[in-house]
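J.: Structure provided below as structure tokens; questions to follow.
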Amino acid sequence: MQQDNPDITLITPSAPMHANTHGGRAKCLQRLVRLDLPVPTTVALSFDAVHRIAAGDLPDMQALLAPFDEDALVCVRPSSEDPDWGGPGAVLNIGMNDATYVDLADALGQDAAATLYMRFVQAYAVHVAKLDPDMFDDIEMAGQLGLSEALHAYEEEAEEPFPQDRGVQLGAVLRSMARAWEGTTARLLRQAKGAPADAGLGLVVQHMAIGLGQGECGSGVIQLVDPQTGLEQITGRYLSQSQGRDALTGEAALFLERDERGPSLEEAAPEAFADLKAHTALMRTRLREEMQAEFTIENGKVWLLDGVRVPRTARAAVRIAVRLADDGIIPREEALLRIDPRALNELLHRQVDPTAERDVLARGVAASPGAAHGAIVFSAAEAQASAARGEACILVRRETSPEDIRGMHAAVAVLTERGGMTSHAAVIGRGLGLPCVVGASEMRFQLRKKTLTAPDGRTFRQGDMITIDGTHGEVLAGQPALIEAAQDDAFQTLMNWADEFRDINIRANADTPADAATARSFGANGIGLCRTEHMFFEDDRLIVMREMIFADRPEDRRAALDRLLPMQRADFTELFRIMEGKPVCIRLLDPPLHEFLPHDRAGHRELAEALDLPLSDVTHRVEALQEYNPMLGMRGVRLGVTVPEIYDMQARAIFEATIEASRDGDPVVPEIMIPLVSAKREVEIVKNRVDSVAAAVYNETGAEFTYRLGVMVETPRACLRAGEIAPHAAFLSFGTNDLTQMTYGLSRDDAGRFMSAYVQRGVFPEDPFHTLDTDGVGELLQIGAERGRAARPDLILSICGEHGGSPESIGFCRKAGFNYVSCSPYRVPVAKLAAAQHAVLDKIG
Ligand code: PEP
Ligand code: MG
């Protein structure tokens, strides 16, 4: 009869039952029943039925209890659509009353019967009657005396006797669980886990396998893998004479498998253990998932009460998916789909141990994942000094600038007061794989006093230890335990499969040989963006660069550039060699020149000394180069047009390095990219000069080489005018950091100050510097791509802003027909997996 009732359904192999009507637990129990596994009789209540119960409309209790023996005890468990959304706790032993107590005392012994009744009275009092949990504190006696006291205490508090009718008890339990689910706290909690606001709850009413009594009785949980590593390892506990999940907390719990550390279920009840192992293995193959089973043993017989996906770390998730595919249980495509690409960050960087206690001082933008502890330092020089002493330090700055790069290299993590996802510290941090929190403006940064003050008033000084959790964007006090990165063989296998399935190339943004080596180790298809400005911040170069900036006459400028040329040539040769013939896209100098000049008086004095100029000259020149709005000023191609010697030098260095690296290695075809273009004429001018440098190098050396010249599209105008720019460019690479900044008219360095308020209030669905704004910026990308390709069908399209590493943006770029995305080296694995998932999803429709 119940099979016909969509709201009260006896779980049988053929009963209509779906996760989206009865919840994941009910569906899973049906699967176990279909496998003929020993599941106690269970009835599932649908979401609709539970919703009505919450409104006070109980189902037909007689029908609900019909499948159970008249005197059977039952339990109720929650069954939300996705088990991760949680639900109210299970209530066990419903049906216990004075009469069943007497019967069970005869059958199981008085103590067991008293324990069962007592447990139910306590759960009912707290969860159903909502009485004070402390009311049972004074009961010290066990057994029958304790039970009598508990029943008495209940009657006193509730002002009525403990209900004796099983139907009444069950109705009240169902109502309290249904209402708990609809409460505000529960709703917010599950929404935080990704549940929709109106997510439904199902409930399952199950015959109690008691776990107490004569013979071997007890309960436990079992799974076949280690939840941390995913390696094969029977894991779990069993506790004799227990119920529910007591085994996980009970001190007398047994190991499951024979174990040197103590007694095991395998020794105590070998047959039950063998059955359990076989049942769990069958669940693994037939449910196509690594499962954790909750079980009860009753007088030696095993009952399976429940099955859930094994909870797991990201590292275990990768190994589990790979092993399931290797064992032929799931196809490789499915293994790829089972891993959240972002979760790979856990394998790529050290993390705060999820079980460690977190003393959160403040929150900011989670700009670069990973965690590290170290002593606070407030300047790049101090960071370098710390590193020289072998001490781990955290570089704390208001914001970082190119001058801080060497300090960043020396630090184990970076914390800044200002900035957002694409500010300097964030971009460099991700490139270096350095944990980084930016925009932590709720802390007080007093750099002169060398103190950092948390919102709660705690003050930290230079040398104090803190922890930066760049994965969660948190600053923590002290040194919570960390867990190491783990790029094991399973991770490597998953990456190989991702390469097999993905149909868009993934390149890396890499500025240094170390970045390039990381990119290679993750199997990047090339370098999509080499920001050359970082090469000029080495001490020996910075001074020559400054000389060049201060040169009055073209010949003086050329002399300084002649000294930079061999250094640049060596940089590029090394990059080409590391990349072994894979494409390397080099961006000509982009930032405004004043970024290379010192900002304070002491720096000006040092520079005056080095250049042998009066201090006032230096100060005036620095002032003259200041701009009101440097990000919209003399930078990018505007420098190339007005101070063309710099690009000439860079082009020459690229071509000479090409010849050198091709001589003893794979042939190199360099790509040269012009930044911040907004007009066709800019491209024509730079192209003419680069072409003539190429011709000059060819004439001087006689060595043949080819190259590709392309345009970085990062102004809205360049997107709109892509049709006239493309004929002069072999490729267009969208710089979505600047493009987002200019599309929104929103400073990428200052957005952090109000971005969280904007996102919280729903003004922006996400931080557009983090997740590509497909509506606005995306439309510009689409326009640029379409107009560019229409003018030049073989045009190579790519994206090299930070969005290149975000899974959603990769989907967008793939659909728009882009050839590759480029992201920071440590995001290459994330990007590869995301790209493979998009391809697989397209394939399976
Ligand atoms: C961009 O603007 O998207 C970009 C990649 O360049 P940068 O971040 O160096 O300005
Ligand atoms: Mg840019």
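A Cβ is built for glycine as well, from the same backbone N, Cα and C atoms used for every other residue.
OK, TrEMBL features for this one:
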type: ACT_SITE; residues: H424; note: active site, tele-phosphohistidine intermediate
type: ACT_SITE; residues: C800; note: active site, proton donor
type: BINDING; residues: R531, R587, E714, G735, T736, N737, D738; note: substrate binding site
type: BINDING; residues: E714, D738; note: Mg(2+) binding site
type: DOMAIN; residues: 392-473; note: domain 'PEP-utilising enzyme mobile'
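Show me how these features fit into the shown structure, please.
T.: There are 23 other CB atoms within 10 A of the CB of H424 (active site, tele-phosphohistidine intermediate), with all protein chains counted.
All protein chains shown were included, and the count of other CB atoms within 10 Å of the CB of C800 (active site, proton donor) stands at 28.
Sequence-distant neighbours of G735 (substrate binding site) (same chain, six or more apart, CB under 8 Å from its CB) are P675, M712, V713, E714, C800, G801, listed in sequence order.
Sequence-distant contacts of D738 (substrate binding site), defined as residues of its own chain at least six apart whose C-beta falls under 8 angstroms from its C-beta, comprise M631, L676, E714, T715, R748, G801.
Helix, strand and coil counts from DSSP across the domain 'PEP-utilising enzyme mobile' (392-473) read 18 helix, 26 strand, 38 coil.
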J.: If you check the recorded positions R531, R587, G735, T736, C800 one by one, which have a CB less than 6 Å away from any atom of ligand 2?
T.: G735
J.: Within 8 Å of the Cβ centre of R531, R587, E714, G735, T736, N737, D738, which other residues of the chain have their Cβ, at the recorded substrate site?
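T.: In sequence order, the nearby non-listed residues are L529, D590, P675, M712, F734, L739, C800, G801.
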J.: If you count other C-beta atoms within 10 angstroms, which of the binding-site residues T736, N737 is the most crowded?
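T.: Answer returned by the neighbour count: T736.
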J.: Find, for the listed binding-site residues R531, R587, the residue with the lowest Cβ contact count at a 10 Å cut-off, counting only other Cβ atoms.
T.: R531
J.: Between R531 (substrate binding site) and H424 (active site, tele-phosphohistidine intermediate), how many Å separate their Cα atoms?
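T.: Between the alpha carbons of R531 (substrate binding site) and H424 (active site, tele-phosphohistidine intermediate) there are 12 Å.
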J.: State the mean pLDDT for the domain 'PEP-utilising enzyme mobile' (392-473).
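T.: Here the predicted model's pLDDT, averaged over the domain 'PEP-utilising enzyme mobile' (392-473), is 92.
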J.: Could you round the CA separation between H424 (active site, tele-phosphohistidine intermediate) and N737 (substrate binding site) to a whole angstrom and send it over?
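T.: That comes out at 11 Å between the alpha carbons.
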